[in-house]
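A short worksheet on the structure shown next.
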Amino acid sequence: MALFSHPSFDHHEQIMFVHDEASGLKAIIAVHDTTLGPAVGGCRMWPYESEQDAINDVLRLSRGMTYKNALAGLEFGGGKSVIIGDPKSDKSEALFRAFGRFVDSLGGRYYSAEDVGITTADIMIAHQETPYMAGLEGKSGDPSPYTALGTFLGIKAAVKHQRGIDSLEGIKVAVQGLGHVGFHLCRHLHDAGAKLVVCDLSETQLERARTEFGAEVVALDEIYRQDVDVYAPCALGATINDTTIPQLKATIVAGCANNQLAEPRHGEVLKEKGILYAPDYVINAGGIINVSFERDYNADKAEAKVRKIYDTLLTIFNEADNSGKTTAVVADEMARAIIEKARK
Ligand code: NAD
């Protein structure tokens, strides 16, 4: 099992494999880079098919957090953790307490928070064992509405750049996933006059989107070939791949999911097809920006900083046009430049 030579290893400072026999906890905590500050990134719980899948996920996600935090202008490094297990059946107080103790053992080099499969309640249990948890109840709280706001503004920036218009009136958006972020995003889009096509596994969420936003519902695998302006992936990673790209009629890909490109080369394939891609870790930084205000929480200041995602994306789109590089490459280069400057 490759680790130091893994494609996403990318100079990770520390990777910790942790196990607690009593609670059954098996987790990986990855600290990618602490140049800008303590590594901050959520914890994901997922029934990974193999340990290699868990390693792939945590390395890619923690590296992404370094870049996301840098470009969002936060004094945070990047890290992430994954718990190997089924969030529907494998959760217990003992498991999250054990996880909290392992995070605590890093002495503040890594702060965890909620991510897919994890709730704020789980984080509050872990917090009983360590101060190094973020996104706590009664503080900055659920990050999803801020992630949704940033994603909405990212879609606006992409439409502005590509079509030269400030309004989303009549713009058609295919939203894949109506979870914590996707549903809030639909509300913003609907309020702005956009037309929605949606899919999800949950009948309840689909029904809500139909009645509250007049959304058209399509089957899961039909979402890619919809005749829309924007495809907004808000469920899973790696949905931009060799199978889906040929189906896309949208000329903009802008959504909140992490790791949208199955492989880095898919950024180039999108560009060749004339599809404008809003790099995932830039457009979905609203939640972590909100969390960054946790110590002395101020919702107005948090929202003002989330709104800067619009300008950051316009800068990336313009630089990509000027340089001929993909938006993903431009975002990575900008993030690396921020970190290098801080290192010096
Ligand atoms: P969530 O678990 O609340 O929602 C995901 C939704 O996707 C669920 O409603 C689920 O039923 C649906 N779904 C699952 N498989 C699907 C499929 N094949 N097709 C269509 N829908 C499917 O998660 P979330 O918090 O809304 O996050 C969504 C994505 O955004 C994730 O990739 C997450 O990593 C990323 N993200 C979230 C935040 C945040 O603040 N929550 C921040 C940054 C990035």
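Including glycine, each Cβ sits where the backbone N, Cα and C put it.
Feature annotation from TrEMBL assigns active site, proton donor/acceptor to LYS80. Secondary structure at LYS80 (active site, proton donor/acceptor), taken from DSSP and collapsed to helix, strand or coil, is strand.
DSSP classifies GLY177 (NAD(+) binding site) as coil under the three-state reduction. In sequence order, CYS199, ASP200, PRO233, CYS234, ALA235, LEU236, ALA257 constitute the residues six or more apart from GLY177 (NAD(+) binding site) in its chain with CB-CB distances below 8 Å. Summarising the annotation, TrEMBL assigns NAD(+) binding site to GLY177, LEU178, GLY179, HIS180, VAL181, GLY182.
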Rounding to whole Å, the Cα atoms of GLY179 (NAD(+) binding site) and LYS80 (active site, proton donor/acceptor) are apart by 21
Most isolated by CB count within 10 A, of the recorded positions LYS80, HIS180, is HIS180
CB < 6 Å to ligand 1, subset of recorded positions LYS80, LEU178, HIS180, seq order -> LEU178, HIS180
Cβ-Cβ distance under 8 Å, sequence separation of 6 or more, same chain as LEU178 (NAD(+) binding site); the residues meeting this, in order, are CYS186, VAL198, ASP200, SER202, GLN205, LEU206, ARG208, ALA209, CYS234
Rounded Cα distance in angstrom between VAL181 (NAD(+) binding site) and LYS80 (active site, proton donor/acceptor) is 19
